[in-house]
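Visitor: This structure is in structure tokens; I'll ask about it shortly.
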Amino acid sequence: MLNISIAIDGPAGAGKSTIAKIIGNKLNIMYINTGSMYRAVTLMALKNNIEPSDIESLKTLINSMDISFNGNNIIVNGKDLEEAIRMPIINNNVSKYAAVEEVRELLVSMQQNISQKYNVVMDGRDIGTVVLKDAPYKFFITASAEVRAKRRLKELKEKKINISFQDVLKEIKERDYIDSNRKVNPLKQSKDAILIDTSNFTIEEVVDKICSIIKRD
């Protein structure tokens, strides 16, 4: 399998990361969770008291970050940040930092460099429309806000994070609004992407559907 790239986009909590991860394993290609990269920038910015409006400090911060992946975990400057970037404070702030044009430009450049070197499956908000515009396989994964909130709540409870369903639903809806209405690279379905609503399907069913489309070619 040479020069394959798979773009998976969709809103928060649609299941795209889980789906992309399994597809990466099944097809033996590199999985890049671009959302983890924005979360890592958010974590480091908050730790360093850098506001989303402080563009120069954000650019300096990102240029100082050596980002890689170990399996499914994101490594920044040699440290595994996977657990830290899943905390509610990151959920509540990531869309603000991800909306900054200069942040997106720097991370998109990193993502495109990776895709030129490896066969990849990437998930995010702007993969099919910006990062991998020429990807032969594009999918837009979605589900109702309520279904996505239930899934996210289950994930958080498994991590012993106590939060109400209403708070998770509110956060999902707020992120949807910010992601879809930001000026730079908003969340939207690429015209040539296949739409899959996962509300009434299991993860396995969605993975099988996507893999059958890829293998068909």
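Quick reminder: no glycine exception, Cβ is built from N, Cα and C everywhere.
What Swiss-Prot shows for this protein is this:
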{"type": "BINDING", "residues": "Gly10, Pro11, Ala12, Gly13, Ala14, Gly15, Lys16, Ser17, Thr18", "note": "ATP binding site"}
Visitor: Select the most exposed residue of Gly10, Ala12, Ala14, Thr18, where exposure means the fewest other Cβ atoms within 10 Å, treating these as the binding-site residues.
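Guide: Among the binding-site residues Gly10, Ala12, Ala14, Thr18, the lowest count of other Cβ atoms within 10 Å belongs to Thr18.
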Visitor: Measure the Cβ-based neighbour count of Lys16 (ATP binding site), defined as the other Cβ atoms within 10 Å of its Cβ.
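Guide: Taking all protein chains shown, Lys16 (ATP binding site) has 28 Cβ neighbours within 10 Å.
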Visitor: Tell me whether Lys16 (ATP binding site) sits in a helix, a strand or coil according to DSSP.
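Guide: Where Lys16 (ATP binding site) sits, the three-state DSSP reduction gives helix.
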Visitor: Using the centroid of the Cβ atoms of Gly10, Pro11, Ala12, Gly13, Ala14, Gly15, Lys16, Ser17, Thr18 as reference, list every other same-chain residue with Cβ within 8 Å of it (recorded ATP site), in sequence order.
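Guide: Checked against the 8 Å cutoff, the neighbours are Ile19, Asp123, Ile141, Thr142, Ala143, Arg148, Thr198.
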